[in-house]
Each structure stands twice: as structure tokens, then as C-alpha cells.
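**Student:** One structure is given below, represented as C-alpha cells, and several questions about it will come after.
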Amino acid sequence: MDDHETPLLSKDLSSSSSSSSSSSSVVVSSLKWILKVVMSVIFVTWVVFLMMYPGSLGDQILTNWRAISSNTLFGLTGSMFLIFSGPILVIAILASLYLIISGEETVFTKKKITKFPRFRLWTFPVLVDGPFGVVSAAEFLGIMVFSVFFLWSIYAYTLRNLDLLERFHVLPKNRSILLLEVTGLRLGMIGLLCMVFLFLPISRGSILLRLIDIPFEHATRYHVWLGHITMAFFSLHGLCYVVGWIIQGQLLELIFSWNAIGIAILPGVISLVAGLLMWVTSLHTVRKNYFELFFYTHQLYIVFIVFLALHVGDYMFSIVAGGIFLFILDRFLRFCQSRRTVDVISAKSLPCGTLELVLSKPPNMRYNALSFIFLQVRELSWLQWHPFSVSSSPLDGNHHVAVLIKVLGGWTAKLRDQLSNLYEAENQDQLISPQSYPKITTCVEGPYGHESPYHLAYENLVLVAGGIGITPFFAILSDILHRKRDGKACLPSKVLVVWAIKNSDELSLLSAIDIPSICPFFSKKLNLEIHIYITRQSEPRLEDGMVHKVVHPSVKLPRTNGCSMSVLVGTGDNIWSGLYLIISTIGFISMITLLDIFYIKRYNITTWWYKGLLFVGCMVASVLIFGGLVVVFWHRWEHKTGEVEANGNDKVDLNGEETHNPSAAELKGLAIEEDVQNYTTIRYGTRPAFREIFESLNGKWGSVDVGVIVCGPATLQTTVAKEIRSHSIWRSANHPLFHFNSHSFDL
């Protein structure tokens, strides 16, 4: 291995002979390569078939497939399920095997400096303005593929409609009605094909998102795009039929019909109305100003799915069943995790009004920096869940995770008031009586985030934040500093933090991370620069020099009946999450097969809507029964391993920090530890000039591997993306990672 390919991060391995390690590594790499190839072939073949389906060739392929498979054990519905939904379930199972084989091993290597930039599809910004926001090259390709698919589908179905009209000699007065109904049918079919992908991006712990390393908060934009397109086609589908029925003068008669054989219209109307309510309330303006309205109406997805199954029956519903089944799996696991009450170890309020909560977690829960959690406080609401970035590093300790919460809305204001009441009660010695003090009862979902610590894959990092968006960067800095201090492999050697804030009060956020105490003499191990831009103050206040060191005292909360966060999360243990997926999928296929053999065929069940209801029932029952069985054993394993790991020496202090026994060198250095203010530059009354910043980096860093991470509002993301796309530093250097995090700005 040459100097440019030094391993930077690897799983701890027990000492063994180099030959056996090499052979096992070759076997693992070969298996991973084979799984990648198989998954890629299945996915490409599946997508090509879906794109061909609207045309005559695709219809002929499906006809031949039905002729071969409909007389098998799976029946006609099973044949549709296997060709439309089967491939994505097979890919999910193979993905779980891939992650199990991969384990926690991640190897980063120093990149060779090349003359030409390395092009990264997932990170290079192509579009920076427009309705889609900042769009990477890979996302742009996806948009183009879907656009071609829509145009092709409309064209192919139009030709088939005209051919259909030529075959049947219809009277001129009925020709327009037939054309409307056939067109409506085709538009509904395009909507179903879009719905195949609709639920895949919103499965928070999805094995598929983990496979391609796209975090949930980034994938939700794909769900938004697909949701708009799907509902547009479904709305046109319903409109065509309504216009046709009005022309016939049978609107009221047909719209309330519920046929036993064929399409049941009334369930379709109910499903469409539920979908329209979700669609309208999910528009950006409504979602931004009336988030609770958006949240509550989006729970109508249950009505939307169930009545869609009643509308089209099991045969057509099996087209979209794969993605919905994976979503149900994820939703049930989230439900199981979120039922546990989690202890809040400590809480404090910073001078800028931001709150910090330190939550208890089990030692065997793993996560990466840039993760986030969904938090519920039952004293405030039993229904509201809000996402917050994790501000602590996985290396900060085994028993806690910290989040920073900025008071921006009603929910966060109530949380601040609850903490204030608790602090006052503590000062008045009211905590002796458990009935007299305010409580904070929290439940947690997550953590979610990237599958790999990609911030460690770059020698040079540029971290751009706006306001509370600095939160996830505390986790990144802490992670890097811990690795530097402990001598662990860590690639980043230069880090530039660019932070834009409105007022100097927000400087107190810096107290959330104590850099010198984590890594004394950090400047010898890390070239760190922090540039802070205070946009709404033209000059510093008298107290600005020390404002970041002043915090309100921590409140140590009394232990409740809760405990640590549950490890029942899709991004948790690879083996258990894989077993949960595989056993539930096998159980589902077994249930629909047995139902078809011993009930539907035996008793000649022909009612379409009833068979659709049975199909949905099998999906839910398989998750509850088979998935629930795995969850029970998973929970017992968590309890057992948690007890073993809890016997370690790590202790948590009042501030939620775990004690660290410093080395002699560290103890010696603490007496003259460095002040991070020496590496901090504060500018007043100005905004970051990214062109100048990047030009200065070009002079200091030259042609190097650069990772750029942006966490802030859309305007900040767009500004940085434009400079990255156009500036010479990125054309002359290896192309940077460009990643957005926006979950810190919820609430």
C-alpha cells in the first residue's frame, strides 16, 4: 500500500495472522461485490420493466408472465406481486445481508491528488435555483428519468387508447365518454406506478436508504416530489371519470356505487379525498405556517391506503404493496421504540434562549455524528414529535446523547417554560416531594442519519452553518477531536467553520463544546479556524468577549420510571434489523399464499374490495405477528447486553458528560491549555463572502480533497452551492463533498 492509501478508519480486530486476515477480507469483499452486482441487476431490470409497462411491449411481457405464473402456488395476485413488488423486497433482503457482512467496518483512504477533478454524482450541485432547491447531479438524472417516463407513458397510453377506439365501433356520442374513461384509467395506472416509489423515502430506518447512505431527512424531499406527481395523476384520473359521468347524467348514481366485482367507486372517492387533503396541507406555505394542520391531516395516509386497496382490489394493489410493506415495517418498529419513556439526565438554558437536553442512552446504541432524533415531551403533547440534531459525538460517552433546541415556536416555548419551572422548584427545595415538582417525560425515535461517518473521509472540511445550524457541527468537531486525542485514525487535518448568526447572544452556543478539555493542545493535531459573522450588529457589546462562557446552571432531573433510549431502531443492530425484515417478509408471503389456498380458492371469494382488504390485513398481521416476535427477542437481547456493558467504568456527571481519565501528558497540558478564542475570528455587520473565503482557501490549501457540509436555510444552501459550482478552487481540486442538513431548523 503506497503513501496515498493509508487506512484511516477500520474496525477493531483481534490479533491474528496477517494471512488469515487477508483471506477473510478477500472473502468479505467478494461477497459484498457479488451482492452489489445482484442488487444492481435486479434494480435496473425492475426499473426498465416499470418504464416499459405502459407500452405494448411491456403489456405483452406482463401477459406472458401471468400465463406462466398464475397457475402456480401464488395465483394471479401473487404473479402481479412478484413482478411489481417482489424485486424491491428481494433487494431489501439482499441489502440487509450486505450490511450484516459489512459490519461496522469502514475504511477511508487518502485520495491521490489527480490533475482532473473527481466527479461525485450525489454531491455535485447541478441546479441551485428553482422549485427543486439545490439538486445534485444524481438527483438531476433521476428527475430527467422520471420526466422521460411520464412523457413516454402519456404517449404510449394515448396510442393504445386510440387503437382501442378503432377496435370497438362506438357511436359518436359515446366516443368522447369512452375516451374520457379510458384516459382516466391510464392516468390512474401512471399514478400507481409513481406510488411504487412513494413510501420508500419516508421509512426512517429503511434498509434501502442505509444501503445507498442517504439519510432520512434528505430523502423526504423525494417523497415530496413523488407525492405531488402521484396526486396530480390521481386527481386527473378522478376528474376524467367525473366529467364522463356528468355527460352521461349518472354522477350521483355512479359516485356512490360499491361494486362487488370490478372497481368499487366509493372507496376510490374516499381515498382520493383523503389524498387531496394530505396534498393541499403539505404545500410549502401551509406546512410552514400551519405545521400541526399538516401533521394531523397526514395521518390520513391510513385511510388513503386502505380505501385504495378496497377501490382496486388485491390484484392491482399488489403493484404498490412492496413499498407500503417496507413502510409498515418501519412504522411498527418506530412505534415499539417510541413507547419507552427516556430519562433526561440534565437540562440547561443558554443565554441566547437555546435549550440543551442530555438524554440517557444504552451503551450498545451506535450512531454517527450528524445524526438526529425525534423527540416527544408528553407534558406538552402526546401527538407531536419534533426532529433535533444531535450535538454530542458518539465518542463523548456511552451513556448519553445531547441535543440543542432553539426556542422558535409554541412547542419549544412551552418546553422552555417547563424547564424554568423545574429550575425554580429545584432552588426552592421542592424536589423532595415527587408530587410537587414539574416533570419532563420524553420519548425518543432514532437516532437516524448517515450509515457511515463520511465527514472522516476528507482531509479538509468546510463547515458552513447558519444560526442553530451549528449544532451538528459540534458533534463533528467533538468526534474529530476525540479521535485526535486518543490516537485513533482520523483523516481531517484542516477544518474551517463558517458560522453566520444574527446577534452576539448566540455566541453562547459555543459553550456546548469545550474543545480544549476534549483535546489539550489541539492546534498541534488539528488546524482549526472558526469564522463567525454577526449580521445584525455593527460592533461588539462590552460582554461579548466572555458571553460564550456564561451559561445558566444545569438542572439535574430526578430519575423517573423511564430508562435509556431503546435500541429498537432500523439504523441499529444490523443482524436484528435484518432478521426483522427477512422474517416479516417471509411471514407475509406465507400468509397471502395460505390465505389464497385455504380461503379464497376454497370458498370461491370473488369480491374485489374484500380481497383487497384481506391483502392489507395480511400485510399488517405479518408485521405484528412475525415482526413482533423478532422485536420481543431483540428487546430481550438489548436488556441483556445493556446490563453487561453498563458495568463499565464510564460515569455521567451533572452536565451529562462522562468522566475521562486523562493521561499524564494531558494533565500536564491542562495547566496551560489553549484557548479556542485564539483560533476564532468574529466579524460584525457583515455576511460571509464565500467567494473571498474560497479564494483564500485556494491559496492556503491548494489542490486538496475538500468536503463541504452546509447546515442552514435554503438561501444559505443556494449561495454556497453557486460558489462551489463556479469557483476555481473546486475545479482545480478533487471535487468536494457537498451535503445539506436542514433538520436543525425545524420548529
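For all residues, glycine too, the Cβ spot is worked out from N, Cα and C.
Okay, these came from TrEMBL:
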- 1-23: region 'Disordered' (REGION)
- 14-23: compositional bias 'Low complexity' (COMPBIAS)
- 33-53: transmembrane segment (TRANSMEM)
- 73-101: transmembrane segment (TRANSMEM)
- 132-157: transmembrane segment (TRANSMEM)
- 178-202: transmembrane segment (TRANSMEM)
- 222-247: transmembrane segment (TRANSMEM)
- 254-280: transmembrane segment (TRANSMEM)
- 300-329: transmembrane segment (TRANSMEM)
- 337-454: domain 'FAD-binding FR-type' (DOMAIN)
- 461-481: transmembrane segment (TRANSMEM)
- 579-600: transmembrane segment (TRANSMEM)
- 612-634: transmembrane segment (TRANSMEM)
**Student:** Can you check how the pLDDT averages out over the domain 'FAD-binding FR-type' (337-454)?
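**Tutor:** Mean pLDDT for the domain 'FAD-binding FR-type' (337-454): 82.
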**Student:** In terms of Cβ proximity under 8 Å, which residues at least six beyond the ends of the transmembrane segment (254-280) contact it?
**Tutor:** 227-228, 231, 234-235, 238, 242, 245, 286, 297-298, 300-301, 303-305, 307-308, 310-313, 606-610
**Student:** Counting CB pairs under 8 Å, which listed stretch among 33-53, 222-247, 300-329, 461-481, 612-634 touches the transmembrane segment (579-600) the most?
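**Tutor:** Between the stretches 33-53, 222-247, 300-329, 461-481, 612-634, 612-634 has the largest tally.
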**Student:** Could you give the residue numbers and ranges of same-chain residues that sit at least 6 residues beyond the transmembrane segment (461-481) on either side and whose C-beta is under 8 angstroms from one of its C-beta atoms?
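**Tutor:** Distant Cβ neighbours of the transmembrane segment (461-481) are 354, 369-372, 388-396, 403-404, 406, 453, 455, 490, 492, 494-502, 506, 509, 512-513, 515, 518-519, 522, 526, 528, 688, 690, 697, 706-713, 716, 720, 736, 741, 744-745.
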**Student:** Where, among 33-53, 73-101, 132-157, 222-247, 612-634, do we find the most CB pairs under 8 A to the transmembrane segment (300-329)?
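**Tutor:** Out of the listed stretches, 73-101 contacts the transmembrane segment (300-329) most.
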**Student:** Looking only at the domain 'FAD-binding FR-type' (337-454), how are its residues distributed among DSSP helix, strand and coil?
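**Tutor:** Summed over the domain 'FAD-binding FR-type' (337-454), the classes give 27 helix, 38 strand, 53 coil.
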**Student:** Six or more residues beyond either end and a Cβ under 8 Å away: which residues meet both conditions relative to the transmembrane segment (612-634)?
**Tutor:** 77, 305-306, 309-314, 317-318, 321, 324-325, 328-329, 332-333, 336, 567-568, 573, 576, 579-580, 583-584, 586-588, 590-592, 595, 599-600, 605
